[in-house]
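This report concerns only the one structure given below.
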Amino acid sequence: MASLVDRMRGHGRIAVGLLFNLLVSICIVFLNKWIYVYHGFPNMSLTLVHFVVTWLGLYICQKLDIFAPKSLPPSRVFLLALSFCGFVVFTNLSLQNNTIGTYQLAKAMTTPVIIAIQTFCYQKTFSTRIQLTLIPITLGVILNSYYDVKFNFLGMVFAALGVLVTSLYQVWVGAKQHELQVNSMQLLYYQAPMSSAMLLVAVPFFEPMFGEGGIFGPWSVSALVSSNCFDSTISNPSSHLLFIITIYNMFGHFKFCITLFGGYVLFKDPLSINQALGILCTLFGILAYTHFKLSEQEGSKSKLAQRP
């Protein structure tokens with residue numbers, strides 16, 4: 001009876017965590033897009049604020065004993081912190097310059113690029129059925145982009161750079177966790193302040209600091225920006241906590257669909273039949289990839305359990 005109650009509590013915590021992450025993640029995308037579309041807030045400056053507030057949130061978490069920080073040499077996480085800057089900045093620039101549908105589908109290309117990096121740089125092998133799922137994912141992204149009436153060449157460049165740097169970051173995160181023997185929150189705790197320092201140096205070269213369009217300009221959206229900072233504070237740690245939960249992969253598809261639907265409703269993005277086919281094609285590929293990946297993981301666990 002006690003074990004049943006413990007399992008129910010555990011499942012309840014996972015459900016609450018997933019719902020919490022869903023709401024926060026979607027809010028971040030919509031609030032960011034709202035700020036870019038209607039207020040023109042500077043991109044890198046907003047990312048800098050996110051990083052600072054994320055670190056403050058993690059600092060509070062470790063003070064509450066949610067995780068224990070581990071001392072890491074800065075040189076070992078420098079490239080990771082740099083790629084963290086790049087993937088967030090380029091992804092936000094993609095969101096700023098593309099429709100939410102194109103932005104969201106472009107992010108799906110992270111899976112094929114990660115597989116390519118791991119295949120050619122780390123000599124990792126993937127089954128044929130996993131490789132075949134990359135065809136509908138890629139085809140769907142191409143279809144959506146080609147028939148997007150709001151197609152933006154610069155936006156697609158940012159999207160491509162965002163996918164490349166995000167893929168590198170995700171591969172490196174896994175490698176660094178294994179190399180340094182740390183969990184994702186311990187790693188992020190050191191990444192966030194280092195990434196903040198990098199952006200602090202870079203921002204004055206790319207964006208005005210004062211006056212119209214500057215972070216210290218005459219903004220009347222302080223409440224909106226504050227709510228967005230709050231979202232980043234709780235979303236990054238919650239995403240890292242959920243990163244180890246297998247079901248989070250499936251839950252991600254739900255977020256994918258809601259974000260697409262919300263973009264077309266809130267920002268009146270036009271949607272052609274061919275775009276819809278592209279979205280369905282990509283979603284089919286993602287679902288197939290997740291199904292085969294989980295099946296292979298379960299098969300590996302079963303083989304390990306059967307070993308004498």
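Glycine residues also receive a Cβ, built from the backbone N, Cα and C atoms like all the rest.
Marked as domain 'Sugar phosphate transporter' by TrEMBL: 21-289.
Annotated transmembrane segment per TrEMBL: 12-35 (among others), in sequence order.
Annotation comment: TrEMBL describes 41-61 (among others) as transmembrane segment.
Residues annotated as transmembrane segment in TrEMBL: 77-95 (among others).
The transmembrane segment annotation in TrEMBL covers 129-147 (among others).
The transmembrane segment annotation in TrEMBL covers 153-175 (among others).
Marked as transmembrane segment by TrEMBL: 187-206 (among others). Counting only same-chain residues 6+ beyond the ends of the transmembrane segment (187-206), those with a CB under 8 A from a CB of the stretch are 42, 44-45, 47-48, 51-52, 54-55, 58-59, 62, 67, 69, 72, 74, 77-78, 80-82, 84-85, 88-89, 173, 176-177, 180, 215, 236-237, 240.
The transmembrane segment annotation in TrEMBL covers 242-267 (among others).
Taken from TrEMBL, the feature transmembrane segment applies to 273-292 (among others).
Distant neighbours of the transmembrane segment (77-95): 29, 32-33, 36, 43-44, 46-47, 50-51, 103, 106-107, 155, 158-159, 161-162, 165-166, 168-169, 172-173, 176, 180, 187, 190-192, 194-195, 198-199, 202; these residues of the same chain sit at least 6 beyond its ends, with a Cβ under 8 Å from one of its Cβ atoms.
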